[in-house]
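Engineer: Dumping what TrEMBL says about this protein:
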type : residues : note
SITE : Arg17    : site 'Transition state stabilizer'
SITE : Lys24    : site 'Transition state stabilizer'
SITE : Arg162   : site 'Positions MEP for the nucleophilic attack'
SITE : Lys221   : site 'Positions MEP for the nucleophilic attack'
Amino acid sequence: MRPRVIAAVLAGGVGSRMGAPSPKQLLPLEGRPIIEHSVAAFEACPEVDEILVLMVREYVGRVEDIVASAGFAKVTAVLPGGGTRTDTSYAALSAMGGAADTDLALLHDAARPLVRPATISACVAALGEAGAVGVAVPSADTVVRVAPGRTGGEAVAQVPPRSELRRMQTPQGFRLGVARRAYALATADPGLVATDDCGVVLRYLPGEEVRIVPGEEDNIKVTNPGDVEVAETLLRRARARAVLAEADS
Ligand SMILES: Nc1ccn([C@@H]2O[C@H](COP(=O)(O)OP(=O)(O)OP(=O)(O)O)[C@@H](O)[C@H]2O)c(=O)n1
Ligand SMILES: C[C@](O)(CO)[C@H](O)COP(=O)(O)O
């Protein structure tokens, strides 16, 4: 029997860098809220069985309305998120309590509305071989480690080989047993600091391989003012490509 695939769309953030009056995942992108685009990708992915959405508590009702009017049949619950992204991930995993350790959890930033169903499918396929996977892309820029400068400001301390570096995106996927073991250790650690879920597995289960799934440059995280316009341009370009591909076939 194939494992059940449960996706969680993480939308518990308030979007302080965006500075909009409501959380950025509610901003319109080509006429639909950003979060609707993100959920739609999972709804359209044939391998995904169920979707949970974790939203800033006071906007849970708003997202329930979005889910109802979009007719997302796979969404089984809209739940409140936590105080940090890691808290929201943990709340998502806790809400999957009825699932087996062999079932699969996919955690995705609501703020990445351009994720493609094919990328989600690739994560599910990779979880057939590894207990943890994360979508990532190479960096076109040289990435440096910095330290406080001798003359003030910051200075370059190290230039890691760029060929060994990737920029992590989401989705990030896990066999539930792996995510549960990692998060049980992480939440017991008072020094826990994490910026993504693969990092939690790497840190707390060092023996577990975290496999990279090649991603797409346009799976951007809408973060700062101006990013919605960039996402709109990328979305229009992707639509135009799809129309051309359809016409060619
Ligand atoms: N407590 C939190 C914080 C973040 N997120 C989600 O994690 C994703 C990536 O986080 P980020 O882009 O940092 O979103 P915000 O936290 O909303 O932004 P900011 O840091 O600017 O406040 C977003 O979909 C966001 O909603 C979450 O579910 N719960
Ligand atoms: C998970 C993530 O999107 C991977 O790039 C990223 O680390 C989230 O960071 P944020 O500061 O919560 O936006």
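Every residue gets a Cβ built from N, Cα and C, even glycine.
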Engineer: Can you check which residue among the recorded sites Arg17, Lys24, Arg162, Lys221 has the largest number of Cβ atoms within 10 Å of its own?
Structural biologist: Lys24
Engineer: Quick test of your reading of the structure: among the recorded sites Arg17, Lys24, Arg162, Lys221, whose CB sits under 6 A from ligand 2?
Structural biologist: Lys221
Engineer: Can you name the recorded sites among Lys24, Arg162, Lys221 whose CA is within 10 A of the CA of Arg17 (site 'Transition state stabilizer')?
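Structural biologist: Those close enough are Lys24.
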Engineer: May I ask for the distance between Lys221 (site 'Positions MEP for the nucleophilic attack') and Arg162 (site 'Positions MEP for the nucleophilic attack'), taken between their Cα atoms and rounded to an integer number of Å?
Structural biologist: 21
Engineer: Hey, how far is Arg162 (site 'Positions MEP for the nucleophilic attack') from Lys24 (site 'Transition state stabilizer'), Cα to Cα, in Å?
Structural biologist: 32
